[in-house]
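This report concerns only the one structure given below.
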Amino acid sequence: MTDQPIPHTAAPKPVLRLKSQKFREARQGDWRALSSQLDKVEKRGLGSFSIEELLNLPVLYRSAMSSLSMAQSISLDRNMITYLQALCVRAYVYVYGPQTRLKDVLKGFFIHAWPSAVRQLAREIALTFTIFVTGILAGWLLCSHDSSWYGLLLPGEQGSRDVGSSAAELRKTIGDGGDHALSPFAVFLMTHNVGVAISTFALGAFFGLPTFALILYTGITMGAMVWLFAQKGMGVEFAGWLTIHGTTELFAIIIAGACGFHIARRLMFPGDASRRTALAEAGLLTGTAMIGVAIMLTIAGCLEGIGRQTITDTMVRFAIGLVMLTIWCLYFTGVGRGKAATDRFGKSGDA
């Protein structure tokens with residue numbers, strides 16, 4: 001029987017521990033310095049660092065990464081490797097990660113991203129506005145030509161708001177009856193318009209056709225309502241009630257519709273980019289605009305809820321609505337322009 005060769009075995013654990021100990025002793029000073037700096041930045045932020053500490057942080061990080069690479073390549077103690085991995089991950093966040101604070105995020109959104117996104121939707125906003133106004137005119141003309149169109153356009157409306165309603169009954173539906181709760185008509189209108197804003201955006205993925213139909217129908221129903229109140233001698237009163245919150249709410253719906261049309265346009269005409277890339281870019285742009293739409297709808301709800309209870313003069317309602325419209329127009333056309341106005345989509349700001 002011949003002797004079998006002795007297989008090569010791993011180094012005994014005492015030898016491995018000795019190698020790990022020497023490796024640690026040669027480098028643990030830098031590790032402790034990095035850990036100390038990370039503890040400091042986690043408690044007090046990078047603003048508490050001196051210039052020397054800021055310059056030293058990436059140096060210590062690279063030293064720790066080098067130690068980790070060497071420890072893994074020569075199979076040192078697993079506990080040491082785990083420690084170095086955790087240390088390097090912590091350091092990476094502060095060396096290469098974003099250092100944006102919440103107030104900076106909010107400032108970037110309101111000063112640059114939101115108004116810039118709306119400006120980039122200018123063509124779609126003009127299209128949506130045209131469709132909406134066309135719908136209002138169509139609704140008015142249809143009902144003025146034949147009043148039965150009102151029931152067809154707005155089926156299931158409350159009995160107090162139809163062609164047979166008196167002026168007093170109509171006045172109650174817009175909340176001028178003296179109670180302090182939101183009128184059923186106001187609740188209906190707010191809920192309906194929020195649904196329209198969401199739907200016009202979401203349905204843009206179907207090549208914009210549902211968005212077109214929904215914006216047009218919303219305009220037609222609005223025109224029918226204006227006709228109903230006008231033919232009872234309450235056109236100005238209804239317009240004032242609508243204006244105080246409508247300039248914000250309807251503007252939000254128009255922006256939402258524009259977002260839907262933008263999605264449809266990039267889907268059908270992606271340009272030089274792939275369709276997937278075009279849709280991703282459109283999603284970033286319209287997503288930012290839709291966050292703003294949600295803010296506008298919230299403001300409109302506050303104006304409708306508070307303004308209706310405390311402001312009953314029609315001219316004052318008109319004034320507030322027009323002031324809000326002016327503010328929105330100035331905000332979207334003027335804020336965030338200039339050299340520093342670079343939006344989140346990688347395009348230079350509007351000069």
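Positions of Cβ are set from backbone N, Cα and C atoms, glycine also.
As the structure is a computational prediction, the values presented were derived from the model and not from experiment.
Residues or ranges marked as transmembrane segment by TrEMBL: 125-143 (among others).
Positions annotated as transmembrane segment by TrEMBL: 181-206 (among others).
According to TrEMBL, the feature transmembrane segment maps to 212-230 (among others). Sequence-distant contacts of the transmembrane segment (212-230) (same chain, six or more residues past either end, CB-CB distance under 8 Å): 128, 131-144, 149-150, 153-154, 161-163, 165, 170, 193, 196, 199-200, 203, 237-239, 253-254, 257, 261.
What TrEMBL lists as transmembrane segment is 242-264 (among others). Listed by sequence, the residues of this chain that lie at least six past the ends of the transmembrane segment (242-264) yet keep a Cβ under 8 A from its Cβ atoms are 118, 121, 124-125, 127-129, 131-132, 190, 193, 196-198, 200-208, 211-212, 214-215, 218, 279, 282-283, 285-286, 289-290, 292-293, 296-297, 299-301, 303-304, 307-308, 311, 317-318, 320-322, 324-325, 328.
Counting same-chain residues at least six beyond the ends of the transmembrane segment (284-303), those with a Cβ under 8 angstroms from any Cβ of the stretch are 109, 113-114, 117-118, 120-121, 190, 193-194, 197, 201, 204, 244-246, 248-249, 251-252, 255-256, 258-260, 262-263, 320, 324, 328, 344-345. Annotated transmembrane segment per TrEMBL: 284-303 (among others), in sequence order.
Annotation source TrEMBL lists transmembrane segment at 315-334 (among others).
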Distant-in-sequence neighbours of the transmembrane segment (125-143), which means Cβ under 8 A and at least six residues beyond its ends: 118, 149-150, 153, 212, 215-228, 250, 253-255, 257-258, 261
Distant-in-sequence neighbours of the transmembrane segment (315-334), which means Cβ under 8 A and at least six residues beyond its ends: 115, 118-119, 239-248, 251, 296, 303, 307
